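Quick notes on the structure that follows.
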Amino acid sequence: MQVVYVLLLALFISMVLVPPLSRLAGPLGLTDKPDDGRKIHTTRIPRVGGIAIVAGSVTPILLWVPMGPDLRAFMMAVGVLFVFGVLDDRFNLDYRLKLLGQALAALIVTLGGGILIQTIPFLGDNSLSALFAVPLTVFVLVGLTNAVNLSDGLDGLAGGISLLALGGLSVLAWQGGNHPAFMVALAMMGATFGFLRFNTNPAQIFMGDTGSQFLGFGAGVLAIMVTQREDSAVGRLVPLLILGLPVLDTLTVMVRRIVEGRSPFAADRSHLHHRLLNAGLSQPQAVTLIYAAQSLLILLAWLLRYSADAVVLGVYLLFAAAVLFGLCRLVRYRQGHAWRHPAAGSGPPALDSEPLWRPSQLLRGTPFVLLSLAVPATLFLGALVVGSVSRDIGSLAGILLVPVLLAPWLKPRLRSYLDRLTLYVVAVVVVYLVTGTPGLAEWSHAILALFAAIGVLTAIWVRFAWINFQVTSLDLLILLIALVVPSLADPWFKQLGMVAVQSIILFYAIEVLMAERNDAWGPLRLGVIAALVVLTCKGLWCV
């Protein structure tokens, strides 16, 4: 259960911090201005999401992850990066100062934590001397930090790429028995998920250099921790696949700039995501395509995790060639066929235009009525049928009762935010307890049928409701993770995957209910209160 706490605490700290940080961004001067030809947005947007990501990641790590010299050094390095990142988001530091901060952070983890690249592919198993290992590790970490930083050009792009990379690293860490690295990866994933809730197109907030540098640096450190252990069977070049897309983008852009006689650090619109936009793709389309490419790399990393370095390098080079060739073909197609965006005024039909077919009130109303009964009943009955509940879960449930009972008297916006926060936590806790209760194994097919029915009802409502309920790139990312995790061979991941799938179904059903109607004392609130009361009693008085 501790790993679930790490993930959830990181997720909700990040989500809770984003709104107040957004309000403080203007007075603090931490906003991104659309004064650069490279930028896609047209209004000022807060770039304080990185602060929420760092806070959400660091807090559960400090609370629950065993601290060895390597993690203590990592925490110190994160502090250095955080300071330089916030200063850069505020004052737009010169790139040399940014490199100085990144190099200092890398030196802290190498010299203070012993996190080193000690063996190089194709050179045997002989360990490098510190004279070579330290500068090589610093160079790699600084390079990965900048690679992820430079990929932060579209809504949800850097966060999604990092989330997928951290997911791959977490699986390798778990399989290799590196429990601290696994929990650090989970904390970073949870915090990134919480941030992406507000960063999906159209973004309400940016992560800034504070967030992108932290994610790139953290992923690089975890990659070294996972692959450079003496007892690790994972190939030394596997991180090249996991983090290969931002690396390919950065190297391609820098080589092009050098060939053109410009500084490799000069800003322009030649990154992969910019070229996809120039080829006629929208932001969500470009981000989804890059997510798909990154997911393919993660899959290849998993399949080739024990393969020879030559095989891994060969596959990566083939992938890189395919990406660059495909991009060139796409651009040429765009130039040859003159793709056009819809002309001005050719948007959706006017409101008074008559559609060819209008769904009946029954199709729109029935799913909502059934969902409004099924979701609270699932939460309450789930809490009722589980076996023993630990004291910490009982305490958490008792604490959550306070905002649930007070929310009806709060302002609608704050009430909606607290309701979502509480509902998400209760949904995950109930699903986790039900999945882990041995006595309910014989009911597993009925439980799956229940969640399938909730998912179908949610899909019907989304299809036929008048309310604009758009599917975003974050939704696709969540769906991908929910499909992949249960298919992993490890039994623990199978259980975690089922928890993820069922929780996600409840999340979307909850969003549907709150989008259609968020009554102060509706069935959803009453069901949550009942579930929390049951969990509190079981955890505090029935242990």
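Numbering starts at 1 and runs along the chain as it is shown here.
Yeah, the Cβs are placed from backbone N, Cα and C, and that goes for glycine too.
Since this is a predicted model, take the numbers as computed values, not measurements.
Here is what TrEMBL records for this protein:
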BINDING   N149, D209  Mg(2+) binding site
TRANSMEM  45-65  transmembrane segment
TRANSMEM  71-87  transmembrane segment
TRANSMEM  126-144  transmembrane segment
TRANSMEM  180-198  transmembrane segment
TRANSMEM  210-227  transmembrane segment
TRANSMEM  276-304  transmembrane segment
TRANSMEM  310-331  transmembrane segment
TRANSMEM  368-387  transmembrane segment
TRANSMEM  393-410  transmembrane segment
TRANSMEM  422-441  transmembrane segment
TRANSMEM  473-489  transmembrane segment
TRANSMEM  495-515  transmembrane segment
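Taking pairs at least six residues apart, the transmembrane segment (71-87) and the transmembrane segment (210-227) share three or more Cβ pairs below 8 Å and count as touching. Just going by CB pairs under 8 A, the stretch in 180-198, 210-227, 393-410, 422-441, 495-515 that sits most against the transmembrane segment (126-144) is 210-227. Ranking 45-65, 210-227, 310-331, 422-441 by CB pairs under 8 A with the transmembrane segment (180-198) puts 45-65 at the top. Under 8 Å from some Cβ of the transmembrane segment (45-65) lie the Cβ atoms of residues 2, 5-6, 9-15, 17-18, 21-22, 24-26, 28, 30-32, 71, 75, 78, 82, 85-86, 89, 180, 183-184, 187-188, 190-192, 194-195, 198-199, 203-215, 218, all in the same chain and six or more residues away from its ends. If you take the C-beta of D209 (Mg(2+) binding site) and look for same-chain residues 6 or more apart in sequence within under 8 angstroms, you find G50, F84, G85, D88, D89, K98, N149. In the three-state DSSP scheme, N149 (Mg(2+) binding site) is classed as helix. Remote same-chain partners of the transmembrane segment (210-227), defined as residues 6 or more beyond its termini with a Cβ less than 8 Å from a stretch Cβ, comprise 47-51, 53-54, 57, 70, 74, 77-78, 81-82, 84-86, 88-89, 98, 102, 105-106, 109, 115-117, 137, 140-141, 144-149, 151-152, 158-159, 162, 165-166, 169, 172-173, 176, 178, 181, 184-185, 188, 192, 195, 234-236, 238-239, 242-243, 246. Sequence-distant contacts of the transmembrane segment (368-387) (same chain, six or more residues past either end, CB-CB distance under 8 Å): 426-427, 430-431, 433-434, 437-440, 450, 453-454, 457-458, 461, 465, 506, 509-510, 512-513, 516-517, 522-524, 526-528, 530-532, 534-535, 538. According to its DSSP assignment, D209 (Mg(2+) binding site) is helical.
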